[in-house]
Amino acid sequence: MLHASFSNAQLTPTFYDNSCPNVSNIVRDIIINELRSDPSIAASILRLHFHDCFVNGCDASILLDNTTSFRTEKDAFGNANSARGFPVVDRIKAAVERACPRTVSCADVLTIAAQQSVNLAGGPSWRVPLGRRDSRQAFLDLANANLPAPSFTLPELKAAFANVGLNRPSDLVALSGGHTFGKNQCRFIMDRLYNFSNTGLPDPTLNTTYLQTLRQQCPRNGNQSVLVDFDLRTPTVFDNKYYVNLKEQKGLIQSDQELFSSPNATDTIPLVRSYADGTQTFFNAFVEAMNRMGNITPLTGTQGEIRLNCRVVNSNSLLHDIVEVVDFVSSM
């Protein structure tokens, strides 16, 4: 079990002010360009950061590909065939490396990218604490154990968040608001629509009109990879409509609606109501929760490394470069 330690003192928003002062602008410009062709990429980048931080802290371990010594977290149940945005992170990292070689970690690149994605989609602007370093391995088993599932009940959600040190109700409710934009696959809601808890009936907490809409998008024998908007009101905008939806029983996945409809929701219902009533209240809570999540067991100082290629640890990256040079020289 991972118990988080928060290290605010080691991370600071000014970390790259001298060594790479334009890093945030570099990241932002690339995301602006990506959004032109893929409006849902902002939500995908935020999700990558979330899934990174929940597994051994925010160390960019989710970005590593398979090696002979470890399996990638990309194969974990919560990531396989759903985590996306890796090529965008590659492009951001390459641009940052051109401007500031061997300076900005992949973990910080992903953290900045998540913040910029939220802001560009209409969400708050804030300076994220920086100074993380990158892990030298991935943690598939930990990803399978730690990542919350769409079918989680509220007690299971609370346990998953507390397990990584996010033990405030506001952590859970505010970070769940990341589902105010983005999409989800039909396969994650089929039980809610047709056979909730093996009853042969839909989830009773699902608004009946919304149920019919979702059944049209996700028919019983249809393609379960079809994508459905998390937020039926403003699907690509980062706002507080997610919470308005929960009040109307229109949360897309079970773990969303649990925040308002679970018998155990006495401490989360008031927060859902508060965020639904005030965008700024939600934004303030979201920024605080994002910074707390961003401070889960960071590698700092001389721990870990600054990866040159976010997909591979440096020894492999350098070996790859050396092999290319040797091949080139031998062909001369």
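Positions of Cβ are set from backbone N, Cα and C atoms, glycine also.
For 1-9, the entry in Swiss-Prot reads signal peptide.
Sequence-distant contacts of GLN10 (pyrrolidone carboxylic acid), defined by Cβ-Cβ distance under 8 angstroms and a gap of at least six in the same chain, are GLY131, PRO298, THR300, GLY301. Feature annotation from Swiss-Prot assigns pyrrolidone carboxylic acid to GLN10.
Neighbour count (other Cβ atoms within 10 Å of the Cβ, all protein chains): 18 for CYS20 (disulfide bond). Annotated disulfide bond per Swiss-Prot: CYS20-CYS100 (among others), in sequence order, evidence recorded as sequence analysis.
In the three-state DSSP scheme, ASN22 (N-linked glycosylation site) is classed as coil. Summarising the annotation, Swiss-Prot assigns N-linked glycosylation site to ASN22 (among others) and lists sequence analysis as the type of evidence.
Cβ neighbours within 10 Å of HIS51 (active site, proton acceptor), excluding its own Cβ and spanning all shown chains: 22. Taken residue by residue with DSSP, HIS51 (active site, proton acceptor) is part of a helix. The annotation active site, proton acceptor is assigned in Swiss-Prot to HIS51 on the grounds of sequence analysis.
Counted within 10 Å of its Cβ, the other Cβ atoms near ASP52 (Ca(2+) 1 binding site) come to 28, all protein chains included. Sequence annotations record features per position, and here Swiss-Prot assigns Ca(2+) 1 binding site to ASP52, VAL55, GLY57, ASP59, SER61.
In sequence order, VAL164, MET293, GLY294, ILE296 are the residues of the chain that are 6 or more apart from CYS53 (disulfide bond) and have a CB within less than 8 Å of its CB. Residues or ranges marked as disulfide bond by Swiss-Prot on the basis of sequence analysis: CYS53-CYS58 (among others).
Around the Cβ of ASN66 (N-linked glycosylation site), a 10 Å sphere holds 13 further Cβ atoms from the protein chains shown. The annotation N-linked glycosylation site is assigned in Swiss-Prot to ASN66 (among others) on the grounds of sequence analysis.
Residues annotated as disulfide bond in Swiss-Prot, with sequence analysis given as evidence: CYS106-CYS310 (among others). Applying an 8 A CB threshold to same-chain residues 6+ apart, the list for CYS106 (disulfide bond) reads ALA60, LEU63, VAL89, LYS93, ASP134, ARG307, CYS310. CYS106 (disulfide bond) falls within a helical segment according to DSSP.
Look at Swiss-Prot and you will find HIS179 tagged as heme b binding site, backed by sequence analysis. Note: HIS179 (heme b binding site) has non-local neighbours PHE230, ASP231, TYR242, LEU252, ILE253, ASP256, i.e. same-chain residues 6+ apart with C-beta under 8 A of its own C-beta. A helical conformation is recorded for HIS179 (heme b binding site) in the three-state DSSP classification.
Under the heading Ca(2+) 2 binding site, Swiss-Prot lists THR180, ASP231, THR234, ASP239. Within 10 Å of the C-beta atom of THR234 (Ca(2+) 2 binding site) sit 17 other C-beta atoms, taking all shown protein chains into account. Reduced to three states, the DSSP call for THR234 (Ca(2+) 2 binding site) is coil.
As annotated by Swiss-Prot, disulfide bond applies to CYS186-CYS218 (among others), with the evidence given as sequence analysis. CYS186 (disulfide bond) has a Cβ environment of 18 other Cβ atoms inside 10 Å. Mapped onto three states, the DSSP output places CYS186 (disulfide bond) in helix.
Per Swiss-Prot, the feature N-linked glycosylation site maps to ASN195 (among others); the stated evidence is sequence analysis. Using a 10 Å radius centred on the Cβ of ASN195 (N-linked glycosylation site) and all shown protein chains, the other Cβ atoms total 14. In the three-state DSSP scheme, ASN195 (N-linked glycosylation site) falls into the coil class.
Taken from Swiss-Prot, the feature N-linked glycosylation site applies to ASN207 (among others), supported by sequence analysis. ASN207 (N-linked glycosylation site) carries neither a helix nor a strand DSSP state and counts as coil.
The annotation N-linked glycosylation site is assigned in Swiss-Prot to ASN223 (among others). Non-local neighbourhood of ASN223 (N-linked glycosylation site): CYS186, each in the same chain, at least six residues away, with C-beta under 8 Å from its C-beta.
Shown in sequence order, THR153, LEU154, PRO155 are the residues of the chain, 6+ apart in sequence, with a C-beta less than 8 angstroms from the C-beta of ASN264 (N-linked glycosylation site). In the three-state DSSP classification, ASN264 (N-linked glycosylation site) falls within coil. Residues annotated as N-linked glycosylation site in Swiss-Prot, with sequence analysis given as evidence: ASN264 (among others).
Excluding the listed site residues THR180, ASP231, THR234, ASP239, the same chain places PHE181, ARG233, PRO235, VAL237, PHE238, ASN240, LYS241, TYR242 with Cβ atoms within 8 Å of the centre of the Ca(2+) 2 site Cβ atoms. The two recorded residues, ASN195 (N-linked glycosylation site) and THR180 (Ca(2+) 2 binding site), have Cα atoms 26 Å apart.
For the recorded positions given as VAL55, CYS58, CYS100, CYS218, CYS310, the lowest number of other CB atoms within 10 Å of the residue's CB is seen at CYS100.
Between the CA atoms of ASP59 (Ca(2+) 1 binding site) and ASN66 (N-linked glycosylation site) there is a gap of 16 Å, rounded to the nearest whole number. All protein chains considered, the CB of ASP239 (Ca(2+) 2 binding site) has 19 other CB atoms within 10 Å. ASN22 (N-linked glycosylation site) has a Cβ environment of 13 other Cβ atoms inside 10 Å. Within 10 Å of its Cβ, the residue among the recorded positions SER61, THR180, ASN207 with the fewest other Cβ atoms is ASN207.
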